[in-house]
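The next block holds one structure in the form of structure tokens; read it before the comments.
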Amino acid sequence: MMDVAILVDENTRVIVQGITGFQGSFQAKRMLDYGTKVVGGVTPGKGGSEVHGIPVYNTVEEAVAETNADTSIIYVPARFATDAIFEAFDAGLRLVVCVTEGIPLYDEMLIHRKLREVKSMLLGPNCPGVISPGRSKVGLLPDRSFTQGNLGVVSRSGTLTYQICENLTKAGIGQSTVVGIGGDPMPGLTFVDVLKMFEEDEETKAVLLVGEIGGTAEEKAAEFIKQMSKPVVAFIAGRTAPPGKRMGHAGAIIEGSTGTAEAKMAALRDAGARVAETLLDVVKEVRRVLE
């Protein structure tokens, strides 16, 4: 476990798959500006060129060999994303972050099968990435929402994370690491995986879990929270969502009585987490556990 942050820190060496595309190029520049060590990019057929002074390679394998990268972020369209993820796994990268939305569920099942055979960790797909404020950002999280501190944040929602962290930052509560696991039904890293990392991380004093309706990820997290020594605050989005209607994320759908906000909030409360009723209550509850 790293001494200073989970998943990424100032020594993380990042390549951008799809760096010559609009999003890849734009976000590579923003990561560079933040201080992230973006050491290379990959676009088949564009090897030998440069983007913002970052060398571009034809394959991930070549990029890793030349740059000693340990992390990749993927900005490629959904129909190419599975191959891009597999290529990153095969190159032996420690962490693969996939921002791409709309990867078919069947492909995600193939990705999960492959994950069991490799040493890589996958964050996403359909996620905003990860930031250790003041150290490194791998993803598209807006810098100004975050400041360095000792609250670990893990979330299924992207924009909600930015809003909550901005509120925390304005209230003087900084974050150790903020992890967006993504809103798809089958994420790589899960709430439980990230909670384990925060539990072991010396810099993290408390954890905020931001969940949403649909699936059972929050209920599984609640089971793990029972054995955590660190205080956990939770917020669940989607309390007013109608059953049977997909809300924004593919994973955000209530089927029958499973996946409702009430069921998740009850499970988290029973596990000993402090559950914030509204967005505005999050700061109050976090402040309470950090005092």
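Every residue gets a Cβ built from N, Cα and C, even glycine.
Note that the structure is a prediction, hence the values are computed from the model and not measured.
Site annotation for CoA in Swiss-Prot covers THR20, GLY21, PHE22, GLN23, VAL99, THR100, GLU101, and the matching candidate from LYS46, LYS119, LYS137 is LYS46. Note: GLU101 (CoA binding site) has non-local neighbours ALA78, PRO125, ASN126, i.e. same-chain residues 6+ apart with C-beta under 8 A of its own C-beta. Residue pairs drawn from THR20, GLY21, PHE22, GLN23, LYS46, VAL99, THR100, GLU101, the listed CoA binders, are separated by up to 24 Å at the Cα level. When the binding-site residues THR20, GLY21, LYS46, VAL99, TYR162 are ranked by how far their Cα is from the Cα of HIS249 (active site, tele-phosphohistidine intermediate), VAL99 comes first.
Each residue contributes its Cα atom, and for PHE22 (CoA binding site) and TYR162 (substrate binding site) these two points are 22 Å apart.
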